[in-house]
Amino acid sequence: MHPNYYLSPLAVAIALGIASPVKAADPIPLQKSSFSEVTQKFQLTLPGVMKGAVVSTNSLQFIRQHTDGNKVTHVRMQQQYAGFPVFGGYAILHSKNATPSLATAKSDEKMNGVIYDGLQAELGQPKPSFVKNASMALQQFKDKYANKQVSEDQVTPMIYIDEKHQAHWAYKVSVLVIHDDRIPERPTAIIDAETNKPFVQWDDVKTEKVQAKGMGFGGNRKIGEYQFGKDLPLLEITRDSSVEMCFMENTDVKVVDMGHKYYSNNKPMQFTCKETPDTQSTKTYYTGYSADGYDRDNGAASPTNDALYAGYVIKHMYHDWYGVEALTKSDGSPMQLVMRVHYGQGYENAYWDGKQMTFGDGDTMMYPLVSLGVGGHEVSHGFTEQHSGLEYFGQSGGMNESFSDMAAQAAEYYSVGKNSWQIGPEIMKEDSGYDALRYMDKPSRDGMSIDVADDYYGGLDVHYSSGVYNHLFYILANQPNWNLRMAFDVMVKANMDYWTPYSTFDEGGCGMLSAAKDLGYNLDDIKKSLSEVTINYQSCYVD
């Protein structure tokens, strides 16, 4: 396939010259220049002037115009030298004439922008090989992505003006690269025609890909249906205008549709979102494969919508309350939360595997497990792993599991200002025989969990030993002058700074006291709460 590039008639006519750089280009700030001065040095192609009529080496080519409410017409132009576009050379004419032209433009017309003089002396004319080598420059650029799916390759011969105002013959090259696991990118570079080294390079898909808003529905038959954009905030999604596709992804969260399979390339769920008069101004689009706001499954309105919202809330909760990322990469930079939904067949669970969160769609006992609480729970396993590293067995395992339950309640509290003190009530089906997975106010209500440390025994499942710290959290948050946020403050601080991988219940209590002291919270209230769940703090040293 031949590359796409544009040459003006003038460029073709003089492309057989010889280049002879001499000196730097001279920038002309147009706010300080008169219209007559500009027209003496540059040929303007205002509306009504045919492109083929351009005979000057230096020209300002018409791009577009519009007239504002003050009846001033603003005409945008790009500088060309020898028929090739000049990097950074743009002029805007501001005319009170409704149809500005060279004949009607006045000498005192206002302009702004920057154009460059002296290019003739610095560049001379392009070498015969300048245009011919454009295809070669593009191919070398494409070779960097030889193992990727590449399309829409483009090359434009041009003049590049560097930061020192030196002018260079150059090529602007770009390709569209399709990835299996993330949004497409458009690598773009301006390359030196002599050395093939880039002057600048960037991902140009950012000019087409915009943060957009998603409308849609969530919930399930038990809790009812709610609407994002009405009952809850609009969803933060991403849109690629070049292909009119939306992606269930933003800088914080990516939602992957597993399609009821067990393996995935982690490509974000995507759907067609065409521009309409209604969406053009609001940048708001209905989510779902049919763009109706749904991707129904097992009684739930849209697991993808709920997953995106849950991830967004959880990440922002940690950031807003504690100034930290929910999860980070090995170099300490923020980690995008990957929420995988529609996992497997009849899978009634959710998990964190060290890299991502995965949610089943439930079966006979549960609706899809993508509630805010379950999402907060799974993400917070990652938070614990990256901070205290509480091992997932014994008493430390119970603390690990409990911290995630606490985070589930905190996410609800952060989102709507209240919480249920139950884990998973929103996903349990009405005929399952259970109204929740666990209860923080009285953990033993589930028939398996323990309420106090004295009831712990070796080998107890961590989901049941979590009852001790779940109960502790409930008691502390309900002390006079306390609330859920304050209680979670203590637990987060302890997890980050005091707990260790093999902490026992008692050692965890000491960490809580140290954390509370750091925060300036009442230690006696903590001691009282610890006593109620038979955690011994007598050996704790808090200076």
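Here the Cβ of each residue, glycine as well, is placed from N, Cα and C on the backbone.
Database features (Swiss-Prot):
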type	residues	note
SIGNAL	1-24	signal peptide
BINDING	H377, H381, E401	Zn(2+) binding site
ACT_SITE	E378	active site
ACT_SITE	H463	active site, proton donor
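Features recorded in Swiss-Prot, as mapped to the structure shown.
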residue	record	DSSP class
H377	Zn(2+) binding site	helix
E401	Zn(2+) binding site	helix
H463	active site, proton donor	helix
Lowest local Cβ density (other Cβ within 10 Å) among recorded positions: H377, H381, H463: H463
Pairwise CA distance, H377 (Zn(2+) binding site) versus H463 (active site, proton donor), rounded so that it is a whole Å: 12
Subset of recorded positions (E378, H381, E401) lying within 10 A of the residue listed as 'active site, proton donor', CA to CA, in sequence order: E401
Pairwise CA distance, E401 (Zn(2+) binding site) versus the residue listed as 'active site', rounded so that it is a whole Å: 9
Cβ atoms near E401 (Zn(2+) binding site) (within 10 Å, other residues, all chains): 26
Neighbourhood of the residue listed as 'active site' by C-beta distance under 8 A, where only residues 6 or more apart in the same chain count: A350, Y351, W352, M357, T358, F359, S404
